[in-house]
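Among the features that Swiss-Prot reports, active site, proton acceptor is placed at E258. Annotation comment: Swiss-Prot describes K317 as active site, evidence class sequence analysis. The active site, nucleophile feature in Swiss-Prot is assigned to C369; the stated evidence is sequence analysis. Under the heading domain 'CN hydrolase', Swiss-Prot lists 219-457, citing sequence analysis as support. Residues or ranges marked as transmembrane segment in Swiss-Prot: 6-26, 47-67, 83-103, 105-125, 153-173, 186-206, 465-485.
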Amino acid sequence: MKAMLLALTGGILLPFAFAPFGYALVAPLSLALLFRVWLNASPSKAALYGYLFGLGQFGIGVSWVFVSMYEYGGSDVFSAAGLTALFVAYLALFPALAGWLGVKAGGGSILVRTLLVFPAAWVVTEWLRGWLFSGFPWLQIGYSQTDTGLRSIAPVFGVFGVGWLLAVLAGLLLSAWLLDRRGRRFALLGAAVVLVGSTQFAKVQWTHPAGDPIRVTLLQGNVPQDQKWRPEAKTTTVQMYVDMTRQHWDSRLIIWPETAVPAFYQQVAESFLAPLEAEARQHGVDVLVGVPYYEAQGNRYYNALVTLGAKPGRYFKRHLVPFGEFLPLRPVLAFVLDILQIPLADFTAGAHRQTLLQAAGYPLIASICYEDIFGQESLTGLPEGAYLVNVTNDAWFGDSFAPHQHWQKARMRALETGRYMLRATNTGVTGIIDAGGRPVAVAPMFEREALTGMMQPMAGATPYALWGDWPAIGLCAGIVGICFARRRRNASSHQGRQAEPGRN
């Protein structure tokens, strides 16, 4: 029972390492609690402890799913609570798998298990969670370190590299607690090496400025989600963004949020967007507009970002939100959603590789909504893309943890790629992030705001931009695989000796 409580407590604590709280030290302490109960557990017990940890981690950390479904998604309280509980129960399977893998593969000393096997198993299952069934890489532990020295690893090995070092640090802290004086000295020295050594990467300038800084304006309309799609509000909403844009012709680039236009592009092109584009060209300004886009051929709907200005272009969202923008396993699940009276949009995913949008004289890497939480997907436009743009509408989640957690992920994308991130949202967090992942300017949440600041286009490539997630994932998968093979070989050898004649 004590081990179960420790595991659950560790999971409950972990979300406080992330935004909006930012108690980064909680992350290694939380993992250290989990590793402690795994040390003396069987594989099945370790899976149970991992599952309890996951229930605490996601039950607190993604509680905003209920807010989205109940307050803004049209679900009744019981359906929203039930589906949120099912989602948390599913996510908790991944820490459970990490426990099973870590103990199954992790024979040997405390140091071998806490420094090699457990951290590697944790990272592998985090990666799996971010890939399986379209992926949900939320609350990956590396994000908790966006304001610590470990962040310096991100341009080299990405968020998984940061997460792996963090898990190793948790193992070192646990070893310092459990081992004798000699082992404790080794563990503390190792922790110092990790903390000090990782900061040395901050001295390397992986990317460099390309041209002069550019004045940009990010529009935050603060349109309430329950009013956004009302037909009678369409004209008022679009006119508001047009008026805000006209007040900032002194900027080189102006960005509207995701689906800032609550109508299809074709419905507002002539009445609003074409005249605005003509004005933008006269002033030498480019405007990026978030708008749904309809293609009659094939009857397809896209979540799009459209460029108005010198070089018109379109970007169609590639990574759609399951159950929000498309329905997986439609023949089975459509019936369930009908019973629960949950409305669902049905968009088409854009092509994996699309021509980069051009704005303010440079190619950019666009992402819409939660596409920016997938680090690997931000790399498809590098090194050509000079800066990152993310447009989103986190009004779906109200004043919950979600907008702050999402902002933290955008900061990691800037850090990994060595590029500025321009982030325009409906209600927040809207801001400019520099190439080192540091906020330059941030608009207050839940206010109508036009945030103006300077953005520096960048050139060059970080190691992560060249390699992606594969070195970190390959290392961790290799550790788990080698330890598995070694333990099986030792078990087979032991059985063989027992079977030899003459042995008692």
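The backbone N, Cα and C atoms fix where each Cβ goes, glycine too.
Against the transmembrane segment (105-125), stretch 465-485 has more CB pairs under 8 A than any other of 47-67, 153-173, 465-485. The stretch from 83-103, 153-173, 465-485 that makes the most Cβ contacts under 8 Å with the transmembrane segment (47-67) is 83-103. Outside the transmembrane segment (83-103), and at least 6 residues removed from its termini, the chain residues within Cβ reach (under 8 Å) are 11, 34, 38, 41-55, 57-59, 62-63, 65-66, 69, 75, 113, 117-118, 120-122, 124-126, 128-129, 136, 340, 480.
Same-chain residues at least 6 positions away in sequence with a Cβ under 8 Å from that of C369 (active site, nucleophile) are, in sequence order, E258, N303, K317, V321, V391, T392, N393. Cβ neighbour count for E258 (active site, proton acceptor) (all protein chains, 10 Å cutoff from its Cβ): 23.
DSSP assigns the residue listed as 'active site' to coil in the three-state reduction, placing it in neither a helix nor a strand. All protein chains considered, the CB of the residue listed as 'active site' has 25 other CB atoms within 10 Å.
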